[in-house]
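Lifted from TrEMBL, the feature list:
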- 208-300: domain 'Ig-like' (DOMAIN)
- 311-382: domain 'Ig-like' (DOMAIN)
- 420-508: domain 'Ig-like' (DOMAIN)
- 515-602: domain 'Ig-like' (DOMAIN)
- 608-696: domain 'Ig-like' (DOMAIN)
- 701-789: domain 'Ig-like' (DOMAIN)
- 793-902: domain 'Fibronectin type-III' (DOMAIN)
- 907-1005: domain 'Fibronectin type-III' (DOMAIN)
- 1010-1110: domain 'Fibronectin type-III' (DOMAIN)
- 1114-1210: domain 'Fibronectin type-III' (DOMAIN)
């Protein structure tokens, strides 16, 4: 559940002001009045009122509401209403105190698995306890069918009751906290220096906290090294260990295998091997204060299988229809992307230019409308890739190319404009399943006439499109970059042609998500023998389960140690440092993995002290004004506060002098009698401490509560106090300045000004500075100020430049001024560069900790040498700093530095040959990238000579510019000969290294011979089998590499020159089948060999008669009976054949799990034409589909209608089920097992249960 961030709480001293009571310079605000205490006790729970939201349709605005995570920060949670007393208290309180009649969040949410018929709600703030016995709490007419509703209090006909809203609305909310921990609401923020006087908080001991989690890697090929790394900050510096295995029981050390090296948190594996190293890993960091575990990661090995060497069947289509070609099956891990080319690798399919074509992520090549021009042989290319945008560990992933898949296009009359019709495969979504944080790709493609263009449009129902959505490929692809859970919803693709024709499809996108923390655990510095409640607030899909850990070991409820765990809530009572001090982690797990959040628990015990914040020696206030004397001692356990006046006990329980819940002293309507020496006495079980101030009545304006130096974490809220006393008959106005500039609270929404000070909401680094409060009347003014320091990610590094004296052809020295760490030590500096060809693309080229970076002794600048740059290029650099709280803003880029040109430093890659016309030697290569050219004037030198004669001279040619091939004429008589070739890049500075010598072939010639001994026979009623003797695989006969053989065939009685039917078989084959024939008919055929140059001469013709036709009838009255063990008996009635059908040889029983495709069928063949029954062995608990057919020399006959059976239980088959075979039958409800069998005909309304003894 996500909630909009509301804002900081109001001061408990605040009061309600109406519009008529405010001057024009005052801001209108609503707070809890002193009479309505912020804490209300109901049973053992304190209901804590906090307001949120700023846009209200009234004359008042809500000021200073607290951030939503303050519930958990103070040991509380959103309220859970478990009984009628709590409900009654909240309802009546809202009726008295909410003049705006708003809706208020609670922790009630719909439980996973809840449906419209069974609506279950749980209290998330109470460990997921179910909601029960509360029917009367709902407002009448509330619709409870919202799939993601949150329970809120809303004003109904009978007062405040429950209703449901979606969780993306910005609303007020109610927190609750256990009575034993209610003191934490008023407790000041504690850090590691609480109770200590130290200048640098970073020198204090602290347990390890991870700043860099390891990431999973996929290893491809044979790399020499793989590495995992985790990084944690701690004092003293932590030590690291690595574990692996299903339960992480095996420690990884150099003693286990000499290939392993551990350096700090980095695990290096030399020459990784899948059998030894593929596993899940976890890092631990520890010092004497505790142990923390990293998130688990996995080392896996990528692999791309091979395409089958058996060609796929061709694809037949009529002209002007839509068609899809499916890529041949191939195994891969982890993922694969596809490309296609037609006939040769020089004719890639380019959907960006041929907009009627589309390559889907599922591997298929789609045509919206196919014509004879599209006929040909298509090859699918599979390229191994990473899952989504996460890459695999190689820059040259393996690829595979399939055998050709022939597309046959048969003529028909052109159609009039038709379509668009969105193809059945779409909308298609990748990857599967789609996950949060991945790039989710949605595809849409329609068939239809391509004479006019299609317009593709996307929208999301009831919501705007996500800001990170990107359209590509003529808008046929919608990609959600870094998809988030709020991107879920119904996406609609609309394809239109002109103003009338259109088609639409919708898809409801549901994202899975590995658990992630809404509010990570925070370090706790708790009082001795007090109680602590920790809440672990994570989100995920499916919802996560929780496990708690202490120092790396799982925790369970333990009354002896005062530990009580209820799902995501852990409560520790009677805190004892000997038992409870340490590092704690909350693990949130679902099917996508486990995510950990860590925090340290310190139990404190020390006497009160005023060393940090003593009372001021003198306090000035105006007569008849109000004054608050603050008392902020540090102590653990929290001290009891009492007040003395002139060393005598002070009565603080009256309307004139009141001690506030936080210990401060409020004096209303100050008179001369109130002058004197006031002493705050703080007492706990260890000792007491005192601090005093002398109150003096002053006639002028005087700031009595001045701003004090404040330190705040980034994204938290800071409060700079300012309260002045003044003469009662004049107006007082507060004005705030930051670094000398006036604060405009109307334009700067992060500033909220009240009568008691200035709130800075969601503090950022730029908000740090000197804050000055000016209290001004018509008579005089008073000024006081203090510094606000912000703890957060480092400030941006400055002064990034390149040392001009260090510029070499391939390296430079980069220098910069270190960043300000903003309260947390810098753990890493990152150097990024951009080259002059991609000015705005930044690449990380260096990252390391400051301790390993050299420092210039004179200027204290940091210096790093960046290697492996390309000469002749322009570069600029920038720096980022990292600490445990995040990355800094990048520094301003350095000026461009241009490296001197040099000859190319790398050779051209991927040298290859083959193809071209007879007599050609085609030499191809991959040109250098522009930044690899190392200077101007790029060109290529090509060398070739006959292979096998090392003494022969190299022939040479040159081409200039961006070329990728060269054709040398070697003569028609030199067809299909081996040549040695190499390629060298050059520029104006000279020549680079030669590529490796590669042996390639010159172009092929047409085959010279034809196949011999052509024979054949009828294969079945619609196909003939032809055999032949291949031509010799010699250069003189084949004149190249024989790619396969083509069978030409034509009907007897037609001229041999009129044939148009042929079929090709690739590879070294000696037989083939041509199909689509009439039964009992004579056909002529001939065979020709072919290579890349074309077809060879035809063989002698041969006449073959096709066989009689297969059976036209199917077996009837098919029945299934139970048999012994795991067998069933299938019975059927035989068939009669007619002329011209071949004699029956036997029967075939086809059976398969009904929720799978027919292609997964098993076949039981009975070679007996008299047979009428057979036994089958099947698995229990599975519903099977079954069909029976006869077979003969003419082939397989018609199949009986589909029927269904199972070895257990009665299963009802309705008409929709029987007509739709592809229904997921696994969802059917099966009662208790029995020995009965279910069978059903395809058109049956209900199943018929039979048994046979």
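Placement of Cβ uses the backbone N, Cα and C atoms for every residue, glycine included.
Of the recorded ranges 208-300, 515-602, 793-902, 907-1005, 1114-1210, the domain 'Ig-like' (608-696) has the largest number of C-beta contacts under 8 angstroms with 515-602. Here the domain 'Fibronectin type-III' (1010-1110) returns a mean pLDDT of 90 for the predicted model. Per-class residue totals from DSSP over the domain 'Fibronectin type-III' (1010-1110), listed helix then strand then coil: 7 helix, 52 strand, 42 coil. Broken down by DSSP into helix, strand and coil, the domain 'Ig-like' (701-789) contains 3 helix, 48 strand, 38 coil.
According to DSSP, the secondary structure content of the domain 'Ig-like' (208-300) in residues is 4 helix, 53 strand, 36 coil. Taking pairs at least six residues apart, the domain 'Ig-like' (208-300) and the domain 'Fibronectin type-III' (907-1005) share fewer than three Cβ pairs below 8 Å and do not count as touching. Residues in the domain 'Ig-like' (515-602) partition by DSSP class (helix H, G, I; strand E, B; coil) as 7 helix, 55 strand, 26 coil. Broken down with DSSP, the domain 'Fibronectin type-III' (1114-1210) shows 3 helix, 49 strand, 45 coil.
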